[in-house]
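Below is one structure, written out as structure tokens; the observations come after it.
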């Protein structure tokens with residue numbers, strides 16, 4: 001039995017969300033806020049939380065961000081359905097859209113439910129799921145859990161450099177989660193290989209899902 005593009009997209013979204021949430025819940029219930037586990041010099045698990053966009057960026061109010069993500073995921077699901085019906089679109093592009101959708105949905109779950117599901121104890125205590133005293137925030141006001149940290153290399157800028165002279169540069173500095181990685185990978189691959197599908201030009205031939213694949 002051949003897997004359709006729609007089924008492939010659903011499988012990618014579901015698998016990514018499940019794995020993302022498993023990692024987040026494990027970190028949330030086993031690490032105190034700010035705790036670091038050094039696996040290698042270039043790879044560490046660091047438990048941090050943020051109210052913002054991917055990689056801890058900040059943009060606008062918490063409620064706005066949560067509602068924005070919900071609207072974005074709804075729109076992405078609609079886009080995936082539309083592209084699955086097109087005969088000129090293959091599995092690769094659909095997989096990228098599914099990764100972006102899954103990543104956005106994974107962070108939405110944090111924002112919508114984590115404030116209600118977990119408490120927010122002072123370190124070194126770790127969070128408890130479904131605490132007796134209730135969660136740390138109302139519905140829609142939870143924080144996104146991040147944990148992956150890759151300090152791959154660093155160097156000091158020369159003193160004579162304007163603005164950054166003498167400062168230390170570290171790559172890669174942001175702490176992120178699997179959902180952020182899914183969004184980034186999906187977007188980068190789309191930009192590199194599938195921009196033609198975003199141009200708006202496509203065949204008007206009636207589409208039968210998975211009639212062709214690429």
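Each position is counted from 1, following the chain as shown.
From the backbone N, Cα and C atoms, a Cβ is placed for every residue, glycine too.
These figures come from a predicted structure and were not determined experimentally.
As given in TrEMBL:
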ACT_SITE  146  active site
ACT_SITE  180  active site
TRANSMEM  7-27  transmembrane segment
TRANSMEM  63-81  transmembrane segment
TRANSMEM  93-117  transmembrane segment
TRANSMEM  170-194  transmembrane segment
Between residue 180 (active site) and residue 146 (active site), the C-alpha gap once rounded to whole angstrom: 9
Same-chain residues near the transmembrane segment (93-117), Cβ under 8 Å, at least 6 residues beyond its ends: 5, 8-10, 12-14, 16-17, 20-21, 24, 28, 54, 62, 65-66, 69-70, 72-73, 76-77, 79-80, 83-84, 129-130, 134-145, 177-187, 189-190, 194, 197, 214
DSSP three-state assignment for residue 146 (active site): strand
DSSP three-state assignment (helix, strand or coil) for residue 180 (active site): helix
